[in-house]
Amino acid sequence: MGKTQTGAKFRWAEPSLIHSPDFPLLFSFSRSGLLFSPVNMSTLSTLVPALVPSALLVAGVYAVKPEFLAYAVAVASIITGFAFFSNSKPRKVLNPTEFQDFVLKEKNEVSHNVCIYRFALPRPTDILGLPIGQHISLAATIAGQPKEVVRSYTPISSDNEAGYFDLLVKAYSQGNISKYLTELKVGQTMKVRGPKGAMVYTPNMCRHIGMIAGGTGITPMLQIIEAIIRNRPRNGGNDTTKVDLIFANVNPEDILLQEKLEKLAKEDDGFRVYYVLNNPPENWNGGVGFVTPDMIKERLPAPASDVKILLCGPPPMVSAMKKATESLGYTKARPVSKLEDQVFCF
C-alpha cells in the first residue's frame, strides 16, 4: 500500500485489482474507501475531456449511494480508459485546404546557411499525415511583398516520428521563406498546409528507381529512400525496390545529410549513392562538374517499363536532366509531372 492519511475518505494507495498496467485509472475502490492513483501530466492531459464527468459520477454515487460506488468506479474507469486510448492513437493533423500554425520547437544549425527546423504538433501522439513523396506549403507575410508568400518543402522526418516534424532549409539571399525561417525564434509559429504533390510512393511501384538530386533537392529523395528501407522484408515489409542516387553539389561542405545517406547505403545493399561536386577536394573518387548523360547511363537503371527516374534540384539543373534523360531513351518528362510518368520532377 502507498501513503495513507488516517481518517480520510480519499487517499493515495496502490491500484486495486481492476487496474491494468496499461489502463490509466485515476481511482479505484477498496474496503477502506475511495483510492486515487498518481498519474503523470502527459497522461492527465489526454484524460481531461472524460475526467470531469467521470469524477462527478463517482462523487455523486459516493454521496448518495455509497454501496454502489464500486459500480460507479468501474463505469468511470471505462470512460477514462476509452478517452486515453482514443487520444493515444496517432492523429493526422495536416489540412490540405487551410493553413495551420505550428510552433517552432528547435532550430539546429547544420552549416552556416542550413538549419533543421523542428516544429511541434499539437499532441505528442500526433503525426503530420504526409504520404510518402508529397510535400507541404509554408506561408508567411513578408515586408515588401504585395501578398502572402508561399513555398513548398519536404520534411526530412516521417510519420514514424510522432509529435513533431523536421524541415531542412537552406537560406538564400533572395529566398523569402528561407530568410523568414532564419529569423523565426523558438516559440514562434509558422503557417503550414498540406499535403500536396502528384507523387505518392507505394511499395514496389517499380522495380528500380534512379534519383538525381541537387542541393536541398535531396529532401524528397530521402523521404522515399527511408520509406523503402523501412519496408524491406528484413524489417517485416515487402519492398524490394532498388534505388540509385546521384547527388550533385558545389563543394564538399554542401553535401547535406551525407552521414545519414552513408549510413543507409551501408545498411542496405539495395541503395547506392554517387556524389558529384563542382569543386572536389584532392583524391576525390566521385563525379566532377555537372551531372552528364554518361554518369546517368553508368549509375542509374536503363530505361524500362518498371523503372522510374526522379529529379529534384535547382531549375536549371532539372531542365538539363530532363534533356539528358530524354537523350538516353527515357520517356520525355512533361512540364508538370504525373505519378505515372517515367521521369518525374518534384
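Glycine residues also receive a Cβ, built from the backbone N, Cα and C atoms like all the rest.
The FAD site recorded in TrEMBL comprises ARG151, TYR153, LEU168, LYS170, ILE177, SER178 together with one of THR97, THR219, THR240, THR241, namely THR219. Whole-number maximum of the Cα to Cα distances across the FAD-binding residues ARG151, TYR153, LEU168, LYS170, ILE177, SER178, THR219: 17 angstrom. Following the DSSP three-state reduction, the secondary structure of TYR153 (FAD binding site) is strand. The record gives ARG151, TYR153, LEU168, LYS170, ILE177, SER178, THR219 for FAD. Within 8 Å of the mean position of their Cβ atoms, the other Cβ atoms in that chain belong to LEU138, LEU167, VAL169, GLY175, LEU181, THR216.
Following the DSSP three-state reduction, the secondary structure of ILE177 (FAD binding site) is helix.
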